[in-house]
């Protein structure tokens, strides 16, 4: 969350309204991440933590206690615990480590891949094949092994795709492991009055611990002594500003007070000593870890859809199988043969190639997205992003550039706009006036930040600087303007300095000047604007010092309010040339007694800073809105800043008003405004803390544009759950440890690749390698495209199922020789159809893909009624008729006219019948009949392949004409078309195929018998799409668009 920090420099009130710093105590005392109070009640808690309990935000009181009270509470002292007492507490509380979640054994993970979704259907098919083979083998040891081979192939398909999916999933690491990586290994502790270095896991409540710059905090500490100590809380709270730590109780909120240091955060500088008040799972990070491990693991939308599809296919297969089992029994077949028919029909309905197709398609899309800076960890998350209807986005680093930047300046009684673009090379304000030169000099000199060495060739805005975010922003601004800040500093040698502190709220330094004609020393100062103004009696206007009268104070206040209202951090700057007579170059300045003027200074101007929006974000937010996706900002930053950024990126659009805006416009109290009149809402974490679920649902439902500010990790999780209660598919972005529970709970968690913590990355399903919100929109489009393309692929695959099923039904009902064998069907499903099915992964989006509303859960299905009816009863029937025509043509040309085939099956299949007559009296031996049957298989197979060529082309689009889409733009689809013909020709004409796989060489004319039906399929589908486009919303559109 980068620069969402608060620093005391900016913690100043504007007419009673807190500016951009720490919020008002009364309003904000319960905000941020409240610490779980250690429960000392005697009642025993179950080991398994209740996630709802973890979401409760309770208070910690230890920061309010004196040292004596702490010693009494934890039975400790400034001499530390005794070793014996520490051992007792360690035995009672356990080690200072995070309890790992109960892991799933790898074998279980592997087996889940083997039996989930499509896999279960294929296993069922394989088992049924083996059962059928077993039954036939028991009757006749010389029976065909087709069913045996088919079962083996189905099992191999499941195992291979399962292994592929398992290794893909295995790349993601355990969330808790990344938390443990953040934990310090050693700690310096005082025990028995002596300092010891012990493993951090052996620390207990009451231990007295010392930390220094560079150390990680080994437990939650109540600081009792500190010297220049600053900590980095960014991994926990998202605040990147270094936070000072001291023994003072400064705030009701444990996160805001200075005398608490948190487990796993980093001590940046200085030293500190404190009592351990929480260890392991009781620490804040322990609670977050438990919260992250206790949520999530819901099925992805695509997993739900695949499960739904499996139910449909299984339902159709079993229903049709049972129906024809009954028909077979009624027609006099034995129960055993009827069971064989039942199994054959069920297996014929199983889309054997679809599991591999979906897995490969998702993988290909994941690779394509990686090239667009979206790294997908969970394959199914590819599609989930396309289903997203709400994006809960972090502010800093995602919507913004994650760097403080000078945005506005106020000098000479005018507000000037600075360039906040990535390179800041186009500042439009006038840089020649004397006032500007004076202001620029103060900004350059009154600054402790410095560039690291060895960056001469690095662009200014990308140079690494040592200093906090605000100081760095001022340094880079000065460097862009002046060209060489270090040169200015060397020409204006620093004589003495008072660093910023929270009491004074200003920074001061005294310098020699670079003017050889002027020997006076220059005092420069910056700090909280009204504190700086208090120290001034004059103001520089047009290069001249004028009295600071009420008129100028009003101008200052107006400018200050305007910049503060933009959510910007404002600093004031002033200077004073010290009289040479009183302060010669040899004067001994004393910063303790401050033996130099700190009043009657000359006010020069204001600078305001903000973490500016990324240039690509407004357009991305607009695209989301047109795609029906609501973008909600969820940030830990101040509401004013959050609202300003939300307006600048379009999350709150130009004409939208919040309740506060309406009250201000109508000049009425906020309470009198009807909240539903406000299109936008800015919800403070304090308000959210007191809301019921129904009130939160009301906000999510009735406000189109929402910003949540000052939120804690628990609240972010509650927001995600609130969105999911509305049946939204929720995407969440985050980068800190504090974001991991919400990332895990969301339908798709998106972590930042650059600024993100390991914990956030492991909790997420997707990682943005460039931390850019615009990449999410790219991902949404890819996700929608993959859903469309999987739907097209399923439609393509299902169509030929009818043509594969009908031969078995006619075989049973009409008693004709079998038109196509199971091995032949297998070569369609896992041979000619695989490459074309996968080629849909490369199909471009149709024009309306980002103008559609997000698909609705459980309504807009992957396989809906329209798709099933169109594939099975329309295109599927056409294919069947064409294939049967070719089969009967082959049989007729060889002597068996269609009417003579009806009822011939039993005689045809008798091995000892060597003189079966055809329509012309010719006699056929069993081996001759068998070769002719295989020729019928091949003709039927070739007909399906030819018709599938047309089916492949028409599936390129669902609404647009294929000519609008571009018939030959998808090179992989052309490869798919070619592969079908090549594989079919190879199987038909390769020597030894008749006896190995039951394919025979076909005469050339048989390849063209089904061609008119292929053309009919193409024309029929183009007419369907034309009517859909021409009559939107009509009966045709509703029933023919799948």
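Here the Cβ of each residue, glycine as well, is placed from N, Cα and C on the backbone.
Record features, source Swiss-Prot:
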type	residues	note
ACT_SITE	394	active site, 4-aspartylphosphate intermediate
COMPBIAS	1-15	compositional bias 'Polar residues'
COMPBIAS	38-48	compositional bias 'Basic residues'
REGION	1-51	region 'Disordered'
TOPO_DOM	1-105	topological domain 'Cytoplasmic'
TOPO_DOM	127-149	topological domain 'Lumenal'
TOPO_DOM	171-306	topological domain 'Cytoplasmic'
TOPO_DOM	327-338	topological domain 'Lumenal'
TOPO_DOM	357-790	topological domain 'Cytoplasmic'
TOPO_DOM	811-820	topological domain 'Lumenal'
TOPO_DOM	842-861	topological domain 'Cytoplasmic'
TOPO_DOM	885-936	topological domain 'Lumenal'
TOPO_DOM	957-970	topological domain 'Cytoplasmic'
TOPO_DOM	990-1004	topological domain 'Lumenal'
TOPO_DOM	1026-1042	topological domain 'Cytoplasmic'
TRANSMEM	106-126	transmembrane segment
TRANSMEM	150-170	transmembrane segment
TRANSMEM	307-326	transmembrane segment
TRANSMEM	339-356	transmembrane segment
TRANSMEM	791-810	transmembrane segment
TRANSMEM	821-841	transmembrane segment
TRANSMEM	862-884	transmembrane segment
TRANSMEM	937-956	transmembrane segment
TRANSMEM	971-989	transmembrane segment
TRANSMEM	1005-1025	transmembrane segment
Worksheet item: Of the stretches 791-810, 821-841, 937-956, which racks up the most C-beta pairs under 8 Å with the transmembrane segment (1005-1025)?
Response: 937-956
Response to the item:
If one takes Cβ-Cβ under 8 Å and requires six or more residues beyond its ends, the residues near the transmembrane segment (339-356) are 117-119, 121-122, 124-125, 128-129, 131-132, 135-136, 147, 150, 153-154, 157-158, 160-161, 313, 316-318, 320-322, 324-325, 328, 333, 793-794, 797-798, 801, 804-805, 808-809, 812, 822, 825-826, 829-830, 833-834, 837
Worksheet entry | CB contact flag for the transmembrane segment (791-810) and the transmembrane segment (862-884), at least three pairs under 8 A | yes
Item to complete: Quick one: give me the count of other CB atoms within 10 A of the CB of the residue listed as 'active site, 4-aspartylphosphate intermediate'.
Response: 33
Worksheet entry | Top Cβ-contact partner of the transmembrane segment (862-884) among 106-126, 150-170, 307-326, 971-989 (pairs under 8 Å) | 307-326
Practice prompt. For the transmembrane segment (150-170), could you work out the same-chain residues 6 or more beyond its ends whose Cβ comes under 8 Å from its Cβ atoms?
Written response: 106, 109-110, 113-114, 119, 122-123, 125-130, 133, 347, 350, 352-353, 355-356, 359, 363, 378-379, 822-823, 826, 830
Item to complete: Grab the same-chain neighbours of the topological domain 'Lumenal' (811-820) for me: Cβ-Cβ under 8 Å, and only residues 6 or more beyond its ends, written as numbers and ranges.
Response: 324, 327-328, 331, 333, 341, 804, 883-884, 887, 891, 901-906, 908-909, 929, 933, 936-937, 940-941
Worksheet item: Would you list the DSSP helix, strand and coil counts for the residues of the topological domain 'Cytoplasmic' (957-970)?
Response: 4 helix, 0 strand, 10 coil
Worksheet item: Where else in the chain does the topological domain 'Lumenal' (127-149) make close Cβ contacts, counting only residues six or more beyond its ends and a cut-off under 8 Å?
Response: 336, 339-340, 343-344, 346-347, 821-823, 826
Item to complete: Using a Cβ cut-off of under 8 Å, list the residues of the same chain at least 6 residues beyond the topological domain 'Cytoplasmic' (842-861) that approach it.
Response: 301, 304-305, 308, 364, 387-389, 623, 626-629, 727, 729, 780-781, 784-785, 787-789, 792, 956-960, 964-966, 969-973
Item to complete: State the mean pLDDT for the topological domain 'Cytoplasmic' (1026-1042).
Response: 91
Practice prompt. Grab the same-chain neighbours of the topological domain 'Lumenal' (990-1004) for me: Cβ-Cβ under 8 Å, and only residues 6 or more beyond its ends, written as numbers and ranges.
Written response: 821, 823-824, 827, 931, 934-935, 937-939, 941-942
